[in-house]
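Worksheet: one structure, shown below.
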Amino acid sequence: MKKRVVKLRELVPAVAALAVAVLIQSATGSSGGSGHTPTTQATHADDHDLTTHNGTEEHDDGHDDGHDDLHAHAPKVIVFISGSCLFGAISRSLFKKLPIPYTVVLLILGAILGVVASNVPLVEEHTRDVAHMDPHVLLQIFLPVLIFESAFAMDVHTFMRSFSQVCILALFGLVVASVLTAVLAMNLFNYNWNFSEAMMFGAIMSATDPVAVVALLKDLGASKQLGTIIEGESLLNDGCAIVIFNVFMKMVFFPQLTSTVGQNVLYFLQVAVAGPLWGYAVAKVTVFFLSHIFNDALVEITITLAATYLTYYIGDIWLEVSGVLAVVVLGLIVNAEKTSISPEVEVFLHRFWEMLAYLANTLIFMMVGVVVTQKALVAVDKMDWFYLIILYLAITIIRGMVISLFSPILSRIGYGLTWRNAVIMTWGGLRGAVGLALALVVENLAGNDVIGSKFLFHTAGIVVLTLVINATTIQTLLRILGMSDISIPKRLAMAGAVRRIHEGQNRTLNMLKSDRFLADADWDIATAACEISDPYSALSDDENAPADELTLGERKSVCPGCKAMVPNEPSPREFADMMEEARLRMLKAEKISYWKQFEHGMLAREALRLLVQHAEVAADEKDQFILVDDLKKSWQIKGIYPWLKRKLEDLISEKKIAAIPMPKYKLGKLMYKICHHMAFEVTINIAIVLNIVPIIMEFVVQDKMASVSTMAAPGSTVSSEPSSLQKIEDALRISNYVFFVIYAIEAIVKILGLGRHYIVSHWNKFDAFILVVALVDIIIAETLLKGSITINLSSIKVVKLFRLLRGLRMLRLTKALIPKLILVVNGKINNQLSLGYDVGKGYIIGEEEVGKIIDRMVDNKKILRELKHISETGRLQVVKELGLLQREHPGIAVSVKTRQAIRTILNHSRETIHELQGAGLLDEMEAHKLELTVEIKMKRLMNAPSSIPPPPPENLLKNVSWLAGDMKLIDFIKARASLLHFDYGEVIVREGDESDGLFLIVSGLVKLYGKSAFLDHDNPPVTAGSEENEVFEDYLTVGNVIGEMGVLTKKPRNATVTCETTVQVYFITAEDMNIAIDTFTLYPSLEYRLWRVVAIRIATPLIMEQMAFQGWTQEKVKLHLERGYLVDLAESHFQFNIDATLEDVILINGTAYNAHTREEIRSPCLISRTVHKLTFQYTATEEPRLFVVRNAEYNGPILDGRLDVDSKRSLISITEISSNMCLKHAAELRQKNSKVMLSRKSSGAAAKEEEDCIPNTSDVEQAAGVSPSVPTKTTPKPKSFLPSLGLSMSKERVNGEAVEESPVKTKQGEETPETEEGAAPRVNV
């Protein structure tokens, strides 16, 4: 995957550059070949109009240069594109530290290139096609890229919150600014422009492009809301400016197409409203396709690129709506639903569009620089320069007037508007590429220098002046207004981060100094080269700020009485600022956690969107956090689905057969059996289906007969057709009688069989109604046939009505479909519940992740306690709600948990593939095939069912970690477990009580609380930095085990467990657990498994507190600990050496001592790396337990008590002979031992056969050249987990039977008892 990532990163700029090059080459070729391409709305009417004025001459030139010599000029265009990109890269690199935007440098370079091209024919050949390129094509190539990239990178939540402000500025503000600019141009300039021409100029001048200002605001950490308003206004007013420009351009250059004022207003509304609708439709289609593609970067990037250009072209050319506004909506919708993009692809997608936007800006400003020097400066006089300066001042004043005009409204909606923000918005209204492109359009269409060249000159001048003056001074203005000041909490956070970086550097330096290869390095130079300074340290010298306010550490004062240093409490304002900063950082950390869960496949797309939305809404409100009440709405089912489900269930709700008593008389009993028989129901349904045909034919025949009788002339001979129709009508009437008899028989059978219960069913009521209708229909038909009633229009309508009502019997067929409809509705409800459960689970994990780092967010203890309380309270509330949800809908919880388990396994599988490929054990092709297999399964997981039936309670025992895989042990526990019931509020266990057994929750929800940080269950709510006497709470649900630690240590309960609902549990007494521990001693023994489960549970929070594991998820930490094992301390005489092969050493139980310093270490504790040897004191009440994790690179044998006797003897034998035997013979001996062990395990041989088959220790020692050991007597030692050479053992029970022991020589010459093969003594706890 890493190699694939590198390839994609290399591919992004190459594809982007190639795309731009192809577009520009095709554009220059087409513009040169066909003059001007009519692509805007204003040019749709008449292509001939575009060839007026100087258009014909350019057409001729373009024809000569385009068609006849296209292939000769194409490489020159590519040279220009490549050279422009090179100049852009050099300018961006060289002028990065200067306050001048690099686009200004490119514009100047383009102008210089244009001047050189005017005097040097060789250079002019490479710029000719660019200088004469159609400006419409320029817009269509670059504008979609610039618009989509800006919208796609915007904060959607902030934009939507400020949308009303943006619309006012982009619509009404643009119109006012355009009118004022037009009035200024008409009265200031001596160009004799009319109002239409001046409005066209005003629209161009009002199109803003504040890219440089927005980037600067982000770099300075200024208000995100302000930057979003400025950028959002630019996006929308570009589209509105183009629409206004097209309206007045049509009035200027195409007067024959001039419309009335009302038509122009309608046209503006049509374009401005229909454009976003078109963009919304395309965005939904794009999101749909993206959501069905999994981890394919090329396809997803291509879809967004194609959607962008198709949206702009189709909307702008075919639909005649605003393509700009359509692309804006497209970018915003795709951005808002970016969860439809694969997490692995999202980064590359952003980089791709950033690269395209960079190339587009680079080429636009280079091209405009060339065009301006060759076209705009031709007819410029001194007065034009004066006009330019006045115009620059005027448009700045006009923008300030517009913002001031609408400020009463802007300050009361959205995020509001302060006077400081208004000043920045006024000064930050830069002009850019859109205005230049529109000016080129005017220059291309105008036939006189008064319009075309002046438009281009003034537009280019305003662009340069705003970029050079406004963009370079905006930072100074921010500093003057105090908007660039870094708050005290931010400085404190930065200082804390730098301090932690220094601590990490010091640890790394100390570690490297002990490296034998780096021992002679110059550490002074290394330390100086790695020095990281605080970026905000220079700001602390601000003369306006008090010295104590800028102190990054804790401020203290001297007590006048005792002269002691007393910490100062922050002022209310400081406390509020620190609390607000901590709140925002906490919400940001929660959002990061949500995104991480989504990237790992642990959170659904819609769940991520909801959680991020809740976090962003909370961030907008002061002192607000994510509310549990808002989260509860995700899994609360409301609306039409519950109502529809109830109605459908009411339609099919009938009394059960057992609930309807059988009649006592014989005929009634027979009818009862008939009406409840499946064949009876099927027969009636078949009759209903067959009855549909005559009902339809009756309508057809009746209409046919009516038409024939109407067409027949009086006294004329009628053909034989009516007689045939009459026969058909008679047959249909007879069939109606037959079906009526069938339905009547059905009603009689049900009435006789059900009695008074017949009328209870809604369907029986419906059948009775239809039966009455059919009877009335027959009576009316017979009456008409006999002529008792005069046939007229009214009678015919009555007959048709009754026949139509008779056809309603077909609705009864839907009775069979109602269960299917209920399943569909249940599926929708389950999807909503699954989404809600996913939201709650994601929130819980987010709070747990934040809890690990919250101590490093805040230095103030009061704020820290408050944030912890808020986080833990919200987590517990959601845990409780999800427990109640699981009780009501267990299948939902099972489905979500199953999906998470599957994705975790697949993630680990993919990481393993990457590790194997990185180590060279897999080729790229092999790794790709394996990874493709994993990703196919990941994609299938996206369509997993939202509900899975929960397993039976017996299966919960199989899922207990220390029971999994051992069927004999499971049967043993199942036989001795008792199922207990507890009501709401009952106490299952109480803190301080003696441990009497284990509890496995089968159903319901319990609350657990206690003062110990390591509560006795599977999910200890450990919070980093918790106080010693703090009370911990948590909720447990199905599958959790309570009481393992108490059974092992025989200590009193350390927590109280109460029922939050009615609860069912499996209870295994402590006596039965002791019997099981004594009985099941084969590898791996039950006691070892129990201790290992407890060890991993205790070690997980200890490991996650360490700095090196801060970026790890809980699953990854547990996976890391799975490589660990419990050390058999009895074998090593309660001493343990810590060498370089050990990565983590955790004291789980008891007390240890540092052998060198005699420092006491109490459990639970992660042993420091500075400790190299531990000693332990064995006591009968508290036996020490040590859990170690070896390095991943360690490949040696692990004698940890997990191996059975055969494995240990084999490993010890191999270890002893490894230095005295060649590889061949050592391998032969190891193979022989392996075969013997396999045969012993399969046959279950006795101990005597074991001595005959397994090589004797003395034989091994003789083969290795070691003298046999002499047996000696020694005092018994504490018992170990499993028997092995050199261990002290006593009389044991194997599978419930006592085994006599015989002395065995130990390696140290000590005598120890021997047990039967595979037996393990229990550990005294």
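The first residue you see is number 1, and the count goes up from there.
Just so it is clear, glycine is given a Cβ too, placed from its N, Cα and C backbone atoms.
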Discussion item. Would Swiss-Prot have ASN190 on the same side of the membrane as LEU876?
Written reply: no
Worksheet entry | Cβ contacts under 8 Å made by the topological domain 'Cytoplasmic' (413-418) with residues that lie 6+ beyond its boundaries | 158, 161-165, 225, 229, 403, 407, 620
Worksheet item: Which residue counts does DSSP give the topological domain 'Cytoplasmic' (413-418) for helix, strand and coil?
Response: 0 helix, 0 strand, 6 coil
Discussion item. For the topological domain 'Extracellular' (120-135), how many residues does DSSP put in helix, in strand and in coil?
Written reply: 12 helix, 0 strand, 4 coil
Worksheet item: How many helix, strand and coil residues does the topological domain 'Extracellular' (189-194) contain under DSSP?
Response: 0 helix, 0 strand, 6 coil
Worksheet entry | DSSP three-state assignment (helix, strand or coil) for MET1045 (3',5'-cyclic AMP binding site) | helix
Worksheet, complete the sentence: Per the Cβ under 8 Å criterion, with at least 6 residues separating them from its ends, the topological domain 'Cytoplasmic' (753-760) contacts 654-655, 660, 663, 668, 670-676, 768
Worksheet entry | Cβ neighbour count within 10 Å of ARG1053 (3',5'-cyclic AMP binding site) | 22
Discussion item. Let me spell it out: take the topological domain 'Cytoplasmic' (97-101), skip the flanking residues so only those 6+ beyond its ends count, and list any with a Cβ under 8 Å from a Cβ in it.
Written reply: 212, 467-468, 471-472, 475
Worksheet, complete the sentence: DSSP composition of the topological domain 'Extracellular' (378-382), residue counts helix/strand/coil, works out to 1 helix, 0 strand, 4 coil
